[in-house]
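Enquirer: One structure, pasted below without further comment.
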Amino acid sequence: MPVTAFKTEEKYAYQNGFQSYHETAAIEDALPIGQNSPQKPPFGLYSEKLSGTAFTAPRSENLQSWLYRIIPSAAHSDFTPYKSHNSQWNENASSSLQWIPNQLRWDPFDLDLEVDWVDSLKLVAGAGSAALKSGLGIFIFAAGKDMHEHQAFYSADGDFLIVLQQGVLDVQTELGWIFVRPNEILVIPRGIRYRITLPEGPVRGYVLELYQGHFQLPELGPIGSNCLANSRDFQAPVASFDEEVDHDWTLVAKFNGNLFQASQRHTPFDVVAWHGVYYPYKYDLGRFNVIGSTSFDHPDPSIYTVLTAPSDRPGTAIADFVIFPPRWLVMEDTFRPPWYHRNTISEFMGLIQGDYDAKTGGGFKPAGASLHNVMSAHGPDANTHEIASNTDLKPTKIGGGSMAFMFESCLMLGVTHWGLLQCQKIQKNYNEQSWKDLKPHFKRSV
Ligand SMILES: O=C(O)Cc1cc(O)ccc1O
Ligand SMILES: [Fe+2]
């Protein structure tokens with residue numbers, strides 16, 4: 001595939017395409033031509049390879065990038081346990097999980113003005129093990145402070161899919177800058193170092209950390225070659241580097257659920273040029289092209305899948321990221337909201353803004369969450385059932401200004417002590433409030 005090196009002085013320029021091969025150089029001619037590791041790379045840079053898959057992963061799955069930087073990443077001190085303000089860390093997350101079949105719902109998580117990105121992350125639920133590279137973790141974040149001017153963070157545990165609920169994120173990554181606005185998501189693959197500042201104040205949202213594999217676009221099957229999230233709407237940064245050399249930096253690493261820190265006397269943001277397919281990217285959820293039923297019945301929510309991380313079983317995901325954007329409902333003779341159901345897949349939901357059509361009785365609020373675990377029965381609350389089974393079925397636009405989302409997993413999700421107790425957001429009466437008032441309408445004779 002022919003590629004053109006991208007050169008720009010602009011901080012926020014992007015290259016478009018999902019897992020496209022990108023080349024970018026902040027200084028013209030900084031990329032070696034025709035080879036990856038010349039004896040002397042251009043401008044006295046070092047070549048460094050960043051592998052997101054095994055060297056021998058099939059070509060179709062192989063994700064790696066070549067970085068041309070001022071000092072190799074290896075030049076840092078030994079790691080020691082991270083000195084955090086947040087006692088959540090330095091306890092192995094997966095060991096604190098509890099598995100319970102209750103339907104769970106959380107009130108909006110509080111903003112926290114006192115902490116930065118690193119200290120804001122709270123594991124709420126998860127499955128599997130980062131050490132075994134299997135499963136996922138779900139975090140809530142709420143931060144009010146910039147990361148320290150000379151601090152960078154990376155996770156060795158997995159890819160971060162960041163769903164911003166409030167505020168904006170200014171993210172300096174090794175591979176360039178990304179500015180994340182409301183209703184956008186950001187994916188930062190395993191290992192990539194970054195620093196987050198908050199130019200417009202407090203931020204809040206959700207993170208899915210994928211311990212195994214990487215996100216892909218879902219297959220489109222009979223839908224054809226377009227729709228849902230289109231490849232060209234995924235945006236990767238262009239190379240951008242800081243030249244400052246002689247300063248102490250702290251590098252914070254998340255490694256099997258624990259945080260560590262190391263020091264180095266050079267900036268981690270010194271990548272002058274890079275090429276490859278392993279890079280951070282953002283996507284505006286407003287660009288999702290929604291497909292739906294134009295005849296009758298409520299289709300499976302898989303038609304709203306933005307990204308999927310497959311397991312070894314075809315069609316079964318370790319994690320799906322699914323959204324519920326504003327859309328027209330036109331189905332005839334149909335109970336239009338989601339059906340009542342029990343699912344072998346676990347469903348963690350969040351709300352970025354607005355309302356969610358299955359829960360009109362209140363209680364599912366922006367910045368809140370719910371968890372319907374494997375086979376935990378759920379569906380529209382009594383209020384929604386009452387309205388939807390009696391309403392006049394004219395074409396209706398739902399969700400104007402709304403965006404709910406779901407992290408689905410084939411794995412059973414455990415909930416952390418923080419999620420169940422410490423956050424103090426679990427609604428005591430979720431089950432009763434939603435389904436206790438469902439009345440029998442059964443009549444043997446009509
Ligand atoms: O439970 C939920 O609210 C999520 C959901 C939505 C939908 O349209 C169909 C199934 C489903 O699990
Ligand atoms: Fe569901």
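In case you wondered, yes, glycine gets a Cβ from its N, Cα and C as well.
TrEMBL: automatically predicted annotations, no manual curation.
Annotation comment: TrEMBL describes 13-285 as domain 'Homogentisate 1,2-dioxygenase N-terminal'. Summarising the annotation, TrEMBL assigns domain 'Homogentisate 1,2-dioxygenase C-terminal' to 287-442. What TrEMBL records for His298 is active site, proton acceptor. Per TrEMBL, Fe cation binding site is recorded for His341, Glu347, His378. For Tyr356, His378, the entry in TrEMBL reads homogentisate binding site.
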Enquirer: Taking only the binding-site residues His341, Glu347, Tyr356, His378, which one has a CA atom nearest to the CA atom of His298 (active site, proton acceptor)?
Expert: His341
Enquirer: Give the distance between the Cα atoms of Tyr356 (homogentisate binding site) and His378 (Fe cation binding site), rounded to the nearest whole Å.
Expert: 14
Enquirer: Among all protein chains shown, how many Cβ atoms are found within 10 Å of the Cβ of His378 (Fe cation binding site), not counting that one?
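Expert: His378 (Fe cation binding site) is surrounded by 24 other Cβ atoms within 10 Å.
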Enquirer: Within 10 Å of the Cβ of His341 (Fe cation binding site), how many other Cβ atoms are there?
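Expert: I count 12 other Cβ atoms within 10 Å of it.
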Enquirer: Which secondary structure state does DSSP assign to His298 (active site, proton acceptor), in the simple three-class scheme?
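Expert: In the DSSP reduction, His298 (active site, proton acceptor) maps to coil.
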Enquirer: Starting from the Cβ centroid of His341, Glu347, His378, the recorded Fe cation site, name every other residue in that chain with its Cβ within 8 Å, sequence order please.
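Expert: Neighbours within 8 Å of the Cβ centroid, excluding His341, Glu347, His378: Pro338, Arg342, Asn343, His372, Ser376, Ala377, Gly379.
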Enquirer: Got a sec? Which of His298, Glu347, Tyr356, the recorded positions, have CB under 6 Å of any ligand 2 atom?
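Expert: Going through His298, Glu347, Tyr356 in sequence order, those close to ligand 2 turn out to be Glu347.
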Enquirer: Among all the protein chains here, how many other CB atoms are within 10 A of the CB of the residue listed as 'active site, proton acceptor'?
Expert: 15
Enquirer: Tell me, by DSSP, whether Glu347 (Fe cation binding site) is helix, strand or coil?
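Expert: Reduced to three states, the DSSP call for Glu347 (Fe cation binding site) is strand.
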Enquirer: Ten-angstrom check, please: count other Cβ atoms within 10 Å of the Cβ of Glu347 (Fe cation binding site), all chains counted.
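Expert: If we count other Cβ atoms within 10 Å of Glu347 (Fe cation binding site), we arrive at 21.
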Enquirer: Over the domain 'Homogentisate 1,2-dioxygenase C-terminal' (287-442), what is the model's mean pLDDT?
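Expert: Averaging the confidence scores along the domain 'Homogentisate 1,2-dioxygenase C-terminal' (287-442) gives 96.
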Enquirer: CB neighbours of Tyr356 (homogentisate binding site) within 10 A?
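Expert: Neighbour count, Cβ to Cβ under the 10 Å cut-off: 24.
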